[in-house]
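K.L.:
Pasting the feature list from Swiss-Prot:
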type: ACT_SITE; residues: Asp215; note: active site, proton acceptor
type: BINDING; residues: Ile89, Gly90, Glu91, Gly92, Gly93, Phe94, Gly95, Tyr96, Val97, Lys121; note: ATP binding site
type: COMPBIAS; residues: 21-40; note: compositional bias 'Low complexity'
type: DOMAIN; residues: 83-369; note: domain 'Protein kinase'
type: LIPID; residues: Gly2; note: N-myristoyl glycine
type: LIPID; residues: Cys4; note: S-palmitoyl cysteine
type: MOD_RES; residues: Thr72; note: phosphothreonine
type: MOD_RES; residues: Tyr167; note: phosphotyrosine
type: MOD_RES; residues: Ser219; note: phosphoserine
type: MOD_RES; residues: Ser249; note: phosphoserine
type: MOD_RES; residues: Thr250; note: phosphothreonine
type: MOD_RES; residues: Thr255; note: phosphothreonine
type: MOD_RES; residues: Tyr263; note: phosphotyrosine
Amino acid sequence: MGNCFGFSAKVGNRESPYRGSSRISAKRSQSSRLSSLTIQSSSYNDDTSVASLQTPRSEGELLASPTLKAFTFNELKTATRNFRPDSVIGEGGFGYVYKGWIDERTLSPSKPGSGMVVAVKKLKEEGFQGHRQWLAEVDCLGRLHHMNLVKLIGYCSKGDHIRLLVYEYMPKGSLENHLFRRGAEPIPWRTRIKVAIGAARGLAFLHEAQVIYRDFKASNILLDSEFNAKLSDFGLAKVGPTGDRTHVSTQVMGTQGYAAPEYVATGRITAKSDVYSFGVVLLELLSGRLTVDKTKVGVERNLVDWAIPYLGDKRKVFRIMDTKLGGQYPHKGACLTANTALQCLNQEPKLRPKMSDVLSTLEELEMTLKSGSISNSVMKLTSSSSSFTAKQRVRTPVADPVLSSRRCRRVR
């Protein structure tokens with residue numbers, strides 16, 4: 001199976017349109033042993049269309065796409081004020097992201113401050129995202145449309161080396177920045193749940209379309225002005241499995257701390273691998289801690305290993321909660337979210353819930369925040385929690401990351 005464009009992605013280190021994290025390409029043994037919990041089930045419904053992703057497309061076909069605009073290089077040069085340094089809103093191994101302006105109706109470049117703001121991703125010629133991966137991302141976002149996927153407006157390809165992508169502008173940047181950037185304003189509990197629901201909705205949509213995201217992480221969750229979450233960066237996405245196949249085999253690519261243990265160990269990936277990554281992000285939202293924190297020692301260095309003993313015990317959940325919340329969160333809601341994360345992090349992929357079920361649970365949790373009470377069906381989760389002893393846990397081996405120089409700047 002290939003990625004959304006139809007061939008294997010071999011990427012060493014690629015990052016989100018605004019910021020990224022270190023990737024891993026080494027195999028590791030399996031992670032912490034987790035218990036099996038039951039998550040409430042309901043059907044996932046969305047009125048957004050799911051396009052077929054079975055037929056690979058060439059660049060020539062992309063040029064004829066009715067949903068994407070083929071920008072000229074000069075148009076994007078004008079929109080970004082000649083790619084001026086003070087227009088840079090993000091940088092990574094892939095290249096740079098610039099803030100630009102285009103006319104909302106004609107999509108022609110416009111003066112700064114007029115028209116529609118866009119994010120223009122300009123790939124480095126020697127960057128980590130090759131031409132095929134660029135085509136894969138264009139193809140995926142050109143076919144898949146959902147309120148929780150970042151909108152791809154158009155693209156530009158000039159010669160053999162100049163490649164650009166034009167996205168809708170996400171003024172709040174990435175979730176990673178809000179959680180971990182020094183001096184960032186703390187995210188309130190309600191907003192964290194809102195972000196988790198938006199990301200879960202986008203991931204559930206992809207899984208319904210038989211797409212495995214393969215790179216779910218905080219830096220790939222972008223936020224609009226109202227903190228609505230949208231998934232970005234689809235260069236590693238894979239289609240499948242199809243027919244009687246239960247998984248897709250691929251070269252191990254992902255981000256340290258987020259990749260599911262069975263994927264790192266075997267190269268076999270399923271939608272449940274994305275579910276594991278979602279569990280890691282839930283932990284980040286709960287704790288405000290990095291997945292891998294090199295400033296810490298021992299078990300505290302790895303977020304999953306450190307948090308597991310507390311997730312299933314409602315008397316200990318407070319120990320993992322982000323101190324920046326100042327205790328301003330509902331205890332029962334925190335327990336439910338922790339249990340949901342625990343289920344997603346189950347060592348056995350088959351015992352992890354579907355993203356549609358995770359979404360249903362989080363949506364009901366959001367309703368309880370508005371009504372002020374936890375329903376009986378949701379309470380069953382918190383009462384069925386299981387704790388772990390040190391002997392039951394198996395520490396997650398940490399592979400050496402593929403490091404890159406990263407920085408992120410934002411333009412107001």
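Even glycines carry a Cβ here, placed using N, Cα and C.
For the listed features, I'd like the structural context: burial, neighbours, distances.
P.N.:
All protein chains shown were included, and the count of other CB atoms within 10 Å of the CB of Asp215 (active site, proton acceptor) stands at 29. DSSP classifies Asp215 (active site, proton acceptor) as coil under the three-state reduction.
In the three-state DSSP assignment, the secondary structure recorded for Glu91 (ATP binding site) is strand. Using a 10 Å Cβ-Cβ cutoff, Glu91 (ATP binding site) registers 19 neighbours.
Within 10 Å of the C-beta of Thr72 (phosphothreonine) we count 11 further C-beta atoms, all protein chains included.
Its Cβ taken as reference, Tyr167 (phosphotyrosine) is surrounded by 22 other Cβ atoms within 10 Å in the chains shown.
The Cβ of Ser219 (phosphoserine) has 28 neighbouring Cβ atoms from other residues within 10 Å, across all protein chains displayed.
Secondary structure at Thr255 (phosphothreonine), as computed by DSSP, is strand.
If you draw a 10 Å sphere around the CB of Tyr263 (phosphotyrosine), it holds 27 other CB atoms from the protein chains shown.
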K.L.:
Quick check for you: of the binding-site residues Ile89, Glu91, Gly95, Val97, which have their Cα within 10 Å of the Cα of Thr255 (phosphothreonine)?
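P.N.:
Final answer: none.
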K.L.:
List only the single closest residue to Gly95 (ATP binding site), chosen from the recorded positions Asp215, Ser219, Tyr263 by CA-CA distance.
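P.N.:
Its closest listed neighbour, by Cα, is Ser219.
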K.L.:
According to DSSP, which kind of secondary structure is Tyr263 (phosphotyrosine) found in, if we only use helix, strand and coil?
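P.N.:
Going by the DSSP assignment, Tyr263 (phosphotyrosine) falls within a helical segment, counted as helix.
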K.L.:
Mean pLDDT for the domain 'Protein kinase' (83-369), rounded to an integer?
P.N.:
90
K.L.:
Determine, to the nearest whole angstrom, how far the Cα atom of Thr72 (phosphothreonine) is from the Cα atom of Ile89 (ATP binding site).
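P.N.:
Given the Cα positions, Thr72 (phosphothreonine) is 21 Å from Ile89 (ATP binding site).
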K.L.:
Which of Ile89, Val97 (the binding-site residues) has the most other Cβ atoms within 10 Å?
P.N.:
Val97
K.L.:
Spatially speaking, which of the recorded positions Ile89, Glu91, Val97, Tyr167, Tyr263 is closest to Asp215 (active site, proton acceptor)? Use C-alpha to C-alpha, please.
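P.N.:
Going through Ile89, Glu91, Val97, Tyr167, Tyr263 one by one, the Cα closest to that of Asp215 (active site, proton acceptor) is Tyr263.
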